Each structure stands twice: as structure tokens, then as C-alpha cells.
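Visitor: What follows is a single structure, and I will ask about it in a moment.
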Amino acid sequence: MSKSETRRFTLKDIFDRFRKDSNSCEGGDCHCGPDQNPSHKPEKQDGFEQVFNAPQNRRSSLKKLTASLLAGAGAVSACNPVKDDKAKEKSQISWEEQFKGNYKLMTEEEKKATVNRLVRSYELRTGKALNMSSKGPEKDVLFGYAFNISKCKGYMDCINACVEENNQDRDSQMQYIRIHEMEDGNGLNFGKSKDNYYHEVPAQGHFYMGTQCFHCEDAPCVKVCPTQATWQEKDGIVVVDYDWCVGCRYCMAACPYDGRRFNWSEPNVPEEELNKNQHYLGNRMRKKGVVEKCTFCIQRSREGANPACVEACPTGARIFGNLLDPNSTIRWVLENKKVFRLKEDLGTEPKFWYFMD
Amino acid sequence: MKILVVFWNLVKDSIDATTHGTRLYHLWMAILTITMLIGMYCYSIQIEHGLSVTGMNDRVSWGLYISNFTFLVGVAAAAVMLVMPTYILKDIDFKRAVLIGEGLAVAALIMCLAFVIVDMGGPGVLWHMLPVVGVFNFPNSMLTWDVIVLNGYLFINITVPMYILFRHYQGKEAKPNVYIPGALLSVFWAVGIHLVTAFLYQGLQARPFWNNALLGPRFLASAFAAGPALIILVLAIIRKTTAFNIEDKTIKKLSMVVTVAAQINLIMLVSELFKEFYAPTHHSESAYYLFFGLDGKEALLPWIHTSIFMNVVSTIMLTFHKLRNNFYVLYTACILLFIAIWIEKGFGLIVPGFIPGPYGKIMEYQPTGIEIGVTLGIWAMGAFIFTILAKTAILIETGKLRFIKKEEKAINEVEA
Ligand code: SF4
Ligand code: SF4
């Protein structure tokens with residue numbers, strides 16, 4: 001088949017597909033991808049439409065326009081008959097992923113559909129299964145975190161656990177948590193502290209303090225994001241939709257707590273180290289050019305477990321729990337200890353407290 | 001229908017005009033084209049490997065690209081300095097300069113948008129940022145405001161001169177009641193794009209270096225110095241190389257604008273320095289880093305010292321009438337001032353905002369070769385666009401490019 005023929009075919013097929021799509025492509029007449037594909041369901045609202053509630057014809061014409069543009073550029077070839085079924089399915093998934101909407105605004109079905117697509121595409125790529133959740137916040141839960149300065153000894157087990165749990169890029173050694181080594185007698189002087197040390201800990205005459213994203217109640221990072229790719233969930237966790245982020249890094253400039261990390265290059269996690277227990281808003285694999293951050297291990301905390309850092313800490317310096325539950329440890333700490341927060345004058349209301357024994 | 005025919009002819013004629021010229025002109029365009037190609041090559045590397053090929057990192061997350069963007073917003077806004085007296089105050093000797101000024105604004109705005117795009121981690125999903133198709137975080141995010149004002153200003157600056165040139169192309173006078181509202185709007189809009197861009201930084205409580213009320217006004221002052229300084233230089237070149245006659249009076253008036261703005265800018269700089277160093281708080285650390293270096297880290301020192309030196313020297317040169325009225329001195333002063341403000345509003349503003357980091361860590365920033373390549377490419381693109389616009393505009397204004405109906409054309413040819 002000649003090149004030009006291939007191209008003509010592609011274009012026409014994409015058009016057909018979208019014509020069917022707009023009156024739903026249930027039934028066996030759709031020849032795009034195998035029917036058993038779980039992600040290939042009729043979706044009413046996804047992609048542009050989710051935010052672009054225009055009349056049907058305007059919507060589909062927009063879709064067609066972009067389809068033809070992309071097909072013209074050779075970027076997509078959704079239903080190329082030359083390829084085998086798997087390739088077809090792959091390109092269809094990537095097509096749908098490219099034009100899906102913002103997770104925050106998706107309906108439950110749309111959330112499921114995109115999760116299924118991602119799981120399926122991992123399966124197609126590696127032949128292995130993945131467990132990805134889209135579990136939402138529970139009612140009457142608001143997460144908070146407390147850090148005991150007297151107990152932290154600077155072992156950094158939390159950092160390592162966090163990196164493994166959250167599939168952070170190994171090449172750039174991305175870390176959400178920083179442990180600052182402070183000199184006794186200087187007070188809380190971050191300027192004189194070290195957050196990179198290679199000696200035996202705890203070092204004489206020093207104390208240790210961890211920082212990470214503080215999940216501010218009035219988060220400047222959320223406010224500045226031009227695309228609403230980052231927001232606060234009902235349970236207080238500040239999350240990022242990695243597929244919606246355009247990578248402008250405005251949120252990084254706005255965060256007063258150094259809470260955000262950027263994928264400057266394609267993140268790499270060795271296959272055997274990959275944590276396959278994932279959440280869409282948490283530790284699923286990121287791509288290059290997007291921002292990410294601590295999510296209080298959303299894949300764990302929403303299942304009722306502690307974040308990996310809390311679990312890994314050998315001294316028990318880290319306390320995590322539901323602020324709305326009067327019997328939780330975190331509530332006990334807030335009520336009985338002298339707690340303080342960092343940079344309180346900025347009014348960001350972090351949900352992260354420090355205290356001393 | 002007739003409009004379309006005329007327009008089509010205008011496009012054809014201007015393509016014809018811009019592809020013909022002197023040897024020097026061709027050389028200039030060739031150099032720009034090569035630079036653009038190099039820039040595109042560098043950008044393709046960046047697309048492939050991500051922003052890791054730049055000197056930026058998690059702590060200094062904006063660098064050369066956003067610096068240039070910030071500076072160019074100012075240059076674009078400065079066109080207003082010409083628009084107002086020409087269209088509204090009917091100051092005749094500005095009339096020719098204004099088309100050049102607006103062409104410069106268009107080129108600068110396109111460069112701004114290009115700098116924003118190359119700075120994005122995911123240029124492929126940029127549609128997320130568009131109103132209507134994407135999810136627009138309006139009015140919360142200052143960046144969405146910036147998208148609106150920049151594109152709006154681009155639109156005004158394309159349509160107003162376009163209308164005037166289009167009329168002149170057909171040998172008709174432009175109707176003031178059509179273009180004056182647009183010109184008036186652009187005056188306010190120019191201040192708007194500039195303030196909004198300043199607010200982009202000013203609104204971040206996390207960065208004390210930016211979170212300062214003088215940022216917006218100082219932005220304006222420096223823009224009204226750098227922009228017209230560039231316009232003077234461009235006019236000087238145009239005057240030399242084309243038949244477009246620009247009177248001494250125009251340049252002299254413009255130089256007054258530059259002088260006053262440069263003086264105000266310097267006063268604000270002194271006020272800023274006084275605040276940071278007479279009674280320093282820990283918020284002054286970024287300024288310390290910028291002007292004196294912190295903890296032995298002093299990558300920005302040579303830059304900012306050069307900038308201040310050039311700033312002071314050029315302002316002195318401009319202040320004395322004797323010196324300013326000598327065109328060679330004036331041009332030198334403009335060059336110095338332009339570079340000084342480029343450093344000050346770029347490197348000197350964006351980078352120290354991130355240093356020291358939120359917890360006092362100092363991570364220095366050095367742009368990489370690829371970053372510089374992309375930057376030069378975008379500057380070349382701007383110059384290229386401007387050259388094309390200016391060439392067409394000059395030909396129309398000097399009467400060399402006119403719409404001729406078919407029959408007339410035939411007659412002309414027979415006669416020739
Ligand atoms: S700590 Fe930073 S990233 Fe986390 S919520 Fe607050 S502002 Fe956002
Ligand atoms: S980098 Fe992503 S999450 Fe951050 S402000 Fe930009 S689009 Fe939003």
C-alpha cells in the first residue's frame with residue numbers, strides 16, 4: 001500500500017469514527033479496535049465536551065477539525081487497517097487520552113474510563129497488570145499531619161520509603177521530603193541548616209526537621225494554576241492531574257514551602273521497583289514536563305492506611321490522621337502539645353504542624 | 001468582495017516586496033533565517049529531552065525564557081508612547097514613527113508568546129490553557145489574565161495599523177473615527193499588559209523579592225525607557241537605509257520620553273536599594289544575592305553591575321541636552337539603556353526571586369547553550385517579523401506600494 005493511500009484511509013476512518021462517536025458507537029458496527037476492549041465504551045462527556053457544552057454539531061465539528069489537523073500532521077492514525085489489533089487499540093487509547101478532560105470535572109464514569117485506559121495501555125505495553133484506583137474522598141475526613149521535632153533523628157527512612165511508594169524519578173533522584181539538619185542554639189534557622197548531609201546521624205548538637213507539601217488550606221499553588229490542573233480535594237489533599245498540567249511551573253513559584261517537583265526529563269522507575277498499587281491522583285507514572293508533589297500517599301490514606309513516610313519512620317516522629325475524628329492521635333497532639341506551623345504569616349493555613357516533647 | 005480582492009493583492013504585493021531588496025537586506029534576512037533554524041534545532045532537542053536540557057531546576061524554576069518574556073512585554077507596551085501623541089493628540093511628526101512602533105509591538109508580542117510556549121513542560125497540551133476549549137482558571141490565576149491581555153493587545157496592534165495601511169494602499173485616507181477608538185483602547189491596554197505581567201510576580205507571597213508594591217510601576221518606568229530607546233534605534237536604521245523620511249524632530253521628541261522614563265527608573269532603583277540595604281530584613285536576602293552575592297555565590301554580580309553601570313551612564317548622557325542632541329551620543333545611550341534594562345528586567349528580576357529558596361538554600365542558575373540557542377532563535381524570529389512588517393508599511397506609506405486595478409495595470413505596462 002502506498003503512502004498516500006494509507007493516509008487517505010486514516011483520515012476517512014477517523015471521520016467515520018467520530019460520526020459514530022457522536023451518535024454513540026455501541027453495537028458491533030464499529031470496527032475500531034476489538035469489542036472486548038473495556039475502555040471502549042460510549043462516553044457522553046469527555047475531552048473538550050466536558051467543558052465545552054456546546055450543541056452537538058458544534059462539538060463534533062470541533063472534534064473533526066482537530067482530528068483532521070492531527071491526521072494531516074500524521075500524528076494519529078487511529079484505525080489504520082495495516083496495523084494489528086493491538087496497535088489499533090494503543091493508538092485509540094492515546095487518542096482518547098490526548099483529548100480527555102480535567103479529572104476534577106469528570107463524572108464517575110469518565111474517571112473509570114480514563115483509569116481503565118491507563119491500566120490497559122500499561123498492559124499492552126508490558127503485558128503486566130496494574131492496580132489503579134480512582135477512589136474519591138470519604139465523608140467527614142480531613143487529613144492532617146504533625147511532626148515531632150524532638151523525635152526526628154535524621155535517618156531519612158521516610159524519604160526512601162516515599163520515593164519507592166510514589167514511583168519518583170530515580171534518574172533525577174526526585175524527593176518530596178527534605179530533612180533539614182539544624183544547629184542547636186540557632187533556633188529555626190533554615191538559612192543555616194543543611195538539607196543534604198552525608199555523615200552519621202544524629203549529629204551532636206543538631207536537631208532535625210522535615211518539610212514536604214503542607215497541603216495548605218488556602219493554597220497559593222492552587223490559586224495560580226492557569227488550567228486548574230491542581231486543586232484541593234474534599235479531604236484536604238492537594239493533588240495534581242498530571243495529564244492536565246501544562247508544565248508552566250507557576251505553582252512552583254507560588255509555593256512558599258518548596259512542596260512541588262517538576263519532571264525535567266522523562267521519569268524513570270525500573271520495572272521491578274514499580275509500585276503497582278496506584279491511584280490516579282497519586283503515584284501513577286508521570287510523564288516529562290509535569291509537576292508532582294506529596295499527596296499524603298493518596299493511594300494509601302484513602303484506603304485507611306498511613307502514608308509511607310509515617311509507616312517507615314523508626315522513631316515515631318510522624319503522626320497522620322483525620323482532623324475531624326476527635327479520637328485520632330493527630331487531634332490529641334493538636335490539643336495537648338504546643339504546636340506551630342511554618343511561615344504562618346503568609347496565611348496559607350498549612351495542615352502540617354510541628355511540636356516538641 | 002472587493003475588499004477580498006484588494007486584500008489578496010496586498011498579500012501578494014507585500015510578499016513580492018519583502019522578497020526583493022538590496023544585498024544588505026538579503027544578508028540580514030539570511031542571517032535571521034539561519035539563527036531561527038538553529039533555534040528550532042535547539043528547541044527540537046528540548047522537546048525530545050524535556051526541560052532538563054535547560055539550566056533550570058526545582059529551585060530556580062524559571063530562567064532565561066521567562067526573563068525575556070517579561071522584558072518583551074515592556075517593549076510591546078512602549079508602543080503606546082507613540083500611539084497616544086499621534087492618533088489622539090494629532091502630533092503630526094509622530095505619524096510615521098507610530099507605524100514602526102506598532103510593528104515593533106506586534107513582533108515583541110509574538111516573541112512573548114513564543115517564549116511562554118518554549119517554557120512549557122507540555123506544549124502539546126497547551127490547549128488546556130485556552131479559554132472555552134480548555135479549563136480556564138479565571139479570574140484566580142494571573143496567568144490567565146495575561147493570556148487575555150497579551151492576545152487582546154496583539155489583536156489591537158495588528159488591526160489598527162492594518163486598517164490604516166489598507167486604506168493607504170488603496171490611495172484613500174484612513175478615517176479617524178474608525179481607528180481612534182482602537183488607538184485609545186490600546187493606550188489603556190498597554191498599561192494593562194504591563195501591570196498584569198508585573199502582578200504575575202507581585203502576587204506571590206512566597207517570593208518576597210517580587211512581593212513588593214513598587215514592582216508594577218517600576219516595570220512601567222523601565223518599559224517606557226527601553227521600548228522607545230529601541231524605537232529610536234530602529235528609526236535611525238530605517239532613516240539611513242530607506243526612503244522613509246523621519247525628521248530629526250521625531251527622534252528628539254522620542255528621546256525626551258526615553259530620558260524622563262530612564263530618570264524615573266533610576267529614582268525607583270535608588271528607592272528600592274535604600275529599602276533593602278538601609279534597614280535590611282531577611283526579606284532582603286534576594287537583593288543581597290543580586291547586588292553583592294550570598295555565601296560566596298555570585299553568578300549574577302557581573303550582570304547586575306554591568307547593568308547598573310550602563311543605566312547610570314546612559315541616563316547621564318541623556319540628561320544633558322548637549323549630549324542628547326548629538327545623535328551619535330543619543331544612539332549610544334539608547335543601546336546602553338536597552339541592554340541595561342534587558343539585564344535588569346530579565347536576569348535581575350526573575351532569577352533572584354528564586355534565590356535563596358523557600359528554606360534559604362542557594363541554588364544558582366546558568367542558562368545552557370540550548371536555552372541560549374532557542375532564545376536567539378526567537379529574537380531572530382521577532383526581527384524577521386518586524387522587518388517584513390516594516391518593509392511593507394514603509395513601501396505603502398511612501399506610495400511605492402499601491403493597489404492598482406487590472407486595467408490600470410495593463411495600461412501601465414503598455415506605457416512602460
Ligand atoms: S505546601 Fe506548597 S504545594 Fe503544598 S499545598 Fe501549600 S502551596 Fe501547595
Ligand atoms: S505547572 Fe501544572 S499544576 Fe503547576 S500551575 Fe502550571 S499547569 Fe498548574
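All positions are counted from 1 along the displayed chain.
Backbone N, Cα and C atoms are what each Cβ position is placed from, and that goes for glycine too.
Pulled the feature table from TrEMBL, pasting it below:
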- B:24-46: transmembrane segment (TRANSMEM)
- B:66-87: transmembrane segment (TRANSMEM)
- B:99-122: transmembrane segment (TRANSMEM)
- B:142-166: transmembrane segment (TRANSMEM)
- B:178-199: transmembrane segment (TRANSMEM)
- B:219-238: transmembrane segment (TRANSMEM)
- B:250-270: transmembrane segment (TRANSMEM)
- B:300-320: transmembrane segment (TRANSMEM)
- B:327-355: transmembrane segment (TRANSMEM)
- B:375-396: transmembrane segment (TRANSMEM)
Visitor: Test the contact criterion for the transmembrane segment (B:99-122) and the transmembrane segment (B:219-238): 3 or more CB pairs under 8 Å, pairs 6 or more apart in sequence, then answer yes or no.
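Guide: The answer is yes, given that the two segments have at least 3 Cβ pairs within the 8 Å cut-off.
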Visitor: Are the transmembrane segment (B:178-199) and the transmembrane segment (B:300-320) close, by which I mean at least 3 Cβ pairs under 8 Å that are 6+ residues apart in sequence?
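Guide: Answer no, regions not in contact.
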Visitor: Are the transmembrane segment (B:66-87) and the transmembrane segment (B:219-238) close enough to be called in contact, which here means at least 3 C-beta pairs under 8 A that are separated by 6 or more residues?
Guide: yes
Visitor: Name the range, of those listed as B:142-166, B:250-270, B:300-320, B:375-396, that has the largest tally of Cβ pairs under 8 Å with the transmembrane segment (B:24-46).
Guide: B:375-396
Visitor: Can the transmembrane segment (B:219-238) be said to touch the transmembrane segment (B:327-355) if we require at least 3 CB pairs below 8 Å and skip pairs under 6 apart in sequence?
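Guide: Yes; at least 3 Cβ pairs under 8 Å.
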Visitor: Ranking B:142-166, B:300-320, B:375-396 by Cβ pairs under 8 Å to the transmembrane segment (B:250-270), which is first?
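Guide: Looking at each of B:142-166, B:300-320, B:375-396 in turn, the most contacts to the transmembrane segment (B:250-270) are made by B:300-320.
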Visitor: Should anything in the same chain at least six residues away from the transmembrane segment (B:375-396) have a Cβ under 8 Å from its Cβ atoms, list it; otherwise answer none.
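Guide: Sequence-remote neighbours of the transmembrane segment (B:375-396) are 14, 17-18, 21, 28-29, 31-33, 35-40, 42-43, 64-65, 68, 72, 99-100, 103-104, 106-108, 110-111, 114-115, 118, 161, 165, 168-169, 234, 238, 242-244, 367, 402.
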